[in-house]
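Notes follow the structure.
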Amino acid sequence: LAPALSLPGQAVCPELSSSEDNACIISCVNDESCPQGTKCCARSPCSRSCTVPLMVSSPEPVLKDGRCPWVQTPLTAKHCLEKNDCSRDDQCEGNKKCCFSSCAMRCLDPVTEDSFQ
């Protein structure tokens, strides 16, 4: 097993680039579904993949409770025309988290551990 990231700061997904491929490929659901040392990040408006995160120094990292709600992804790829509202939790108000919402990244209310089935 690879060692855990032990760098000071907060691991964040890189900002999306307009040059990213718009293919709808979902290769991860959340950080826990990725190899150690990577995060599940949006790579286009409708794709997610395990990516080496950027480390940003933050005197008080934003740690929001809960997880993103589970989203049923379509079985067939569709071109997504929606724009992302966020790329990181700290871009969302209150306790909302930046989550994939079938086509784009949105600030959504998190689900708590006891609401998992």
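Note: Cβ is positioned from N, Cα and C throughout, glycine not excepted.
Per Swiss-Prot, disulfide bond is recorded for C13-C41, C24-C46, C28-C40, C34-C50, C68-C99, C80-C103, C86-C98, C92-C107, and the stated evidence type is sequence analysis. What Swiss-Prot lists as domain 'WAP 1' is 4-54, and the listing cites sequence analysis. For 61-111, the entry in Swiss-Prot reads domain 'WAP 2'.
Feature map: Swiss-Prot annotations on the structure.
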{"residue": "C13", "record": "disulfide bond", "DSSP (3 states)": "coil"}
{"residue": "C34", "record": "disulfide bond", "DSSP (3 states)": "coil"}
{"residue": "C40", "record": "disulfide bond", "DSSP (3 states)": "strand"}
{"residue": "C46", "record": "disulfide bond", "DSSP (3 states)": "coil"}
{"residue": "C68", "record": "disulfide bond", "DSSP (3 states)": "coil"}
{"residue": "C80", "record": "disulfide bond", "DSSP (3 states)": "coil"}
{"residue": "C86", "record": "disulfide bond", "DSSP (3 states)": "coil"}
{"residue": "C92", "record": "disulfide bond", "DSSP (3 states)": "coil"}
{"residue": "C107", "record": "disulfide bond", "DSSP (3 states)": "strand"}
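Annotation: C34, C41 are the disulfide-bonded residues among C34, C41, C46, C98 whose CA atoms are within 10 angstroms of the CA of C28 (disulfide bond).
Checked against C13 (disulfide bond), the disulfide-bonded residues C24, C34, C46, C80, C107 differ in C-alpha distance, with C34 being the nearest. In the structure as shown, the Cβ atom of C24 (disulfide bond) sits within 10 Å of 18 other Cβ atoms. Under DSSP, C24 (disulfide bond) is assigned to coil, being neither helix nor strand in the three-state scheme. Mean predicted confidence for the domain 'WAP 1' (4-54): the pLDDT average there is 76.
When the CA atoms are compared, the disulfide-bonded residues lying within 10 A of C24 (disulfide bond) are C80, C103, out of the candidates C34, C80, C86, C92, C103. Of the disulfide-bonded residues C46, C50, C99, C46 has the largest number of other Cβ atoms within 10 Å of its own Cβ.
In this structure, of the disulfide-bonded residues C41, C86, C98, the smallest number of CB atoms within 10 A of the CB marks C86. Around C34 (disulfide bond), the same-chain residues six or more apart in sequence whose CB sits under 8 Å from its CB are C28, C40, C50, listed in sequence order. Taking Cα separation as the measure, C99 (disulfide bond) is nearest to C107 of the disulfide-bonded residues C80, C92, C107. For C103 (disulfide bond), the nearest of the disulfide-bonded residues by C-alpha distance turns out to be C46; the candidates were C41, C46, C68. When the disulfide-bonded residues C41, C46, C68, C86, C98 are compared by Cα distance to C107 (disulfide bond), the shortest distance belongs to C98. A 10 Å radius around the C-alpha of C46 (disulfide bond) takes in these disulfide-bonded residues out of C68, C80, C86, C92, C98, in sequence order: C80.
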